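Below is one structure, written out as structure tokens; the observations come after it.
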Amino acid sequence: MSNLAPCVNLSNGQKMPVVGLGTWQLQKNEAREAVKKAIDVGYRLIDTAYVYENEKEIGRAINEKIATGVIKREDLFVITKLDSRHHKPILVERACRESLLKLSLDYVDQYLIHFPVGEGFVDYMDTWKAMENLVNLGLAKGIGLSNFNAKQIDRILKNCRIRPVVNQVECHPGFNQKKLIEFCRQRNIVIVAYSPLGRPISAEKWPPYLYDETVQNVAKCHCKTPVQVCLNYLLHLGVIVIPKSVNPDRITENFRCFDFELNPDELKIMDDYHTGERLITFPGMCNHKFYPFHDEY
């Protein structure tokens with residue numbers, strides 16, 4: 001179907017759509033309605049997590065669409081994540097099965113370690129070995145990481161039996177993650193961008209790459225919006241984007257970001273918004289030995 005987003009090939013053979021729906025902070029019923037709208041628009045990638053507390057409603061939306069024949073289960077790419085409270089190897093399978101029960105699914109397409117910092121001082125390497133077993137059990141088609149830095153990724157790669165296929169991180173024009181993107185590209189790991197629009201505050205016309213006249217002019221040249229230009233820029237960098245919205249019009253707008261191409265001058269304009277400053281730092285975990293953001297990338 002022409003209205004579907006293109007896919008990238010992951011190292012384990014999976015095909016993953018380049019645009020998906022993020023669901024962080026979406027409350028239960030609004031998450032359900034957002035997912036249903038997204039599927040109708042053409043989204044086939046849905047991202048959630050145990051800690052978001054909306055897996056049950058997302059599962060209801062998915063299964064309603066399957067029941068009505070709009071999609072088949074194999075058409076969707078569903079991601080959820082292991083919470084930091086469940087890093088002990090003995091808890092990993094149980095946590096995954098709990099998420100699957102809430103989602104009313106037999107498997108997820110990806111299961112990620114949400115953050116390298118686990119409750120207590122559980123070593124994420126031990127957690128990863130338990131994650132690998134989920135693939136053998138058929139509970140997850142692929143496994144990956146979220147919020148891991150380069151050193152932590154390399155440590156996983158040197159000690160793993162099954163390689164991580166993605167690393168989901170904060171990524172937007174203000175913090176474009178080019179160094180981490182290239183690092184992961186060389187290791188056949190795809191970056192998935194959360195908060196790809198930088199958490200907009202329309203009353204303050206922030207961030208500037210969504211409101212500056214320069215970007216508005218770029219958008220007009222392509223008959224697009226600044227939001228679509230921002231997302232397209234990230235796609236050009238080689239990342240998958242998972243913008244979040246509950247607004248039906250915005251859900252549609254966010255999705256229509258892959259059918260045009262920015263020229264080199266326009267890409268340079270977007271590059272220049274990079275500040276190197278994170279918006280999301282998880283400050284309560286900064287004293288943990290596995291806190292990932294003391295390193296540059």
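Every residue, even glycine, has its Cβ placed from backbone N, Cα and C.
Packing around Y52 (active site, proton donor) is summarised by its Cβ count: 21 other Cβ atoms lie within 10 angstroms of its Cβ, all protein chains included. Taken from TrEMBL, the feature active site, proton donor covers Y52.
Just so you know, the Cβ of H114 (substrate binding site) picks up 22 other Cβ atoms within 10 Å once every protein chain is counted. Summarising the annotation, TrEMBL assigns substrate binding site to H114.
Across all of the domain 'NADP-dependent oxidoreductase' (19-272), the predicted model scores a mean pLDDT of 97. Annotated domain 'NADP-dependent oxidoreductase' per TrEMBL: 19-272, in sequence order.
Residues or ranges marked as site 'Lowers pKa of active site Tyr' by TrEMBL: K81. Sequence-distant neighbours of K81 (site 'Lowers pKa of active site Tyr') (same chain, 6+ residues apart, CB-CB distance under 8 A): T48, A49, Y50, V51, Y111, L112, I113, H114, S146.
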